[in-house]
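Asker: There's a structure below that I have some questions on.
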Amino acid sequence: MTGHMAQDRAPLLASPPRAATHDLLTWALTAHPDALMPSAFNLNGVVLIDLAVRAGYHGEVVFVDTGYHFPETLQTRDRLAARYPGLTFVTLNAGATPEDGQTPPDLYARDPDACCAARKVAPLQRYLREKNPSALLNARSRDQATTRADIPVVEHGARIKINPLASWTRPQLEAYAREHSLPVNPLYADGFLSVGCWTCTRAVRPGEDVRAGRWAGQGKTECGLWAGAGKL
Ligand code: SF4
């Protein structure tokens with residue numbers, strides 16, 4: 001019975017919307033050759049990098065170092081940079097700007113919205129104002145959280161956001177990562193299904209949303225990059 005069930009599921013896992021995703025990325029890179037990809041190198045992000053490279057992406061992958069990242073996340077970034085030499089990995093160091101010097105180090109505990117706004121959203125917004133890309137490639141998927149259930153593939157707003165993984169499920173992402181031996185953040189195997197700053201991330205418990213470990217117990221689900229008044 002188990003074998004049959006596994007066989008029944010196999011086509012689903014073996015044929016996620018890869019062809020459609022490739023076509024979408026090919027279109028996106030043609031229509032928006034100046035597109036940028038912000039990334040925190042979670043499972044979704046790593047899969048998107050690989051798919052984008054296969055579709056011809058050779059632009060920037062922009063990471064905001066808030067000063068609170070796990071060493072494993074920084075190592076994942078470095079492994080990706082070694083694996084994809086055709087991409088330019090940009091790290092915006094939020095701890096190195098004069099503005100950040102005015103951010104109290106314990107702000108994340110007192111006012112996480114203000115901390116994310118200063119350490120994450122502002123540095124990326126500054127960078128995007130400089131570069132002014134016509135579109136962003138983003139790796140969110142609908143099954144990551146109920147708050148992401150309606151993500152469109154192409155999102156209009158302050159900037160066009162292209163979300164090629166919107167319809168991908170976690171099993172499909174995991175299968176893709178395994179198949180291509182992608183350098184997934186090792187914390188993922190320990191239950192950190194969405195990894196942010198160490199100060200604000202815990203492992204996810206069985207049955208919880210992928211992002212339930214982010215700002216757990218603080219009534220906060222998004223950092224502000226993709227939702228809210230200051231979103232990209
Ligand atoms: S995730 Fe936490 S530490 Fe990181 S920027 Fe947001 S509030 Fe600050």
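Heads up, the Cβ atoms here are built off N, Cα and C, so glycines get one too.
Among the features that TrEMBL reports, domain 'Phosphoadenosine phosphosulphate reductase' is placed at 36-203. Annotated [4Fe-4S] cluster binding site per TrEMBL: Cys115, Cys116, Cys197, Cys200, in sequence order. For Cys223, the entry in TrEMBL reads active site, nucleophile.
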Asker: I'm checking region-level scores; what's the whole-number mean pLDDT for the domain 'Phosphoadenosine phosphosulphate reductase' (36-203)?
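Answerer: Taking every residue in the domain 'Phosphoadenosine phosphosulphate reductase' (36-203) and averaging pLDDT yields 92.
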Asker: Quick check for the class: what is the C-alpha distance, in angstrom and rounded, between Cys200 ([4Fe-4S] cluster binding site) and Cys223 (active site, nucleophile)?
Answerer: 11
Asker: Quick one: of Cys116, Cys197, Cys200, Cys223, which of the recorded positions has the smallest count of other CB atoms within 10 A?
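Answerer: Across Cys116, Cys197, Cys200, Cys223, these recorded positions, the one with fewest Cβ atoms within 10 Å is Cys200.
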Asker: Should Cys116 ([4Fe-4S] cluster binding site) be counted as helix, strand, or coil on the basis of DSSP?
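Answerer: In the DSSP reduction, Cys116 ([4Fe-4S] cluster binding site) maps to helix.
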Asker: Take the C-alpha atoms of Cys223 (active site, nucleophile) and Cys116 ([4Fe-4S] cluster binding site) and report the distance between them in angstrom, rounded.
Answerer: 6
Asker: Looking at Cβ-Cβ distances, which residues of the chain lie under 8 angstroms from Cys115 ([4Fe-4S] cluster binding site) while being 6 or more apart from it?
Answerer: Thr103, Leu107, Tyr108
Asker: Which are the residues of the chain, Cys115, Cys116, Cys197, Cys200 excluded, whose CB is within 8 A of where the CB atoms of the [4Fe-4S] cluster site average out, their centroid?
Answerer: Thr66, Tyr68, Tyr108, Pro112, Arg119, Lys120, Gly196, Thr199, Trp215, Cys223
Asker: Through the lens of DSSP with three states only, how would you label Cys223 (active site, nucleophile)?
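Answerer: The residue in question, Cys223 (active site, nucleophile), is coil (DSSP, three-state).
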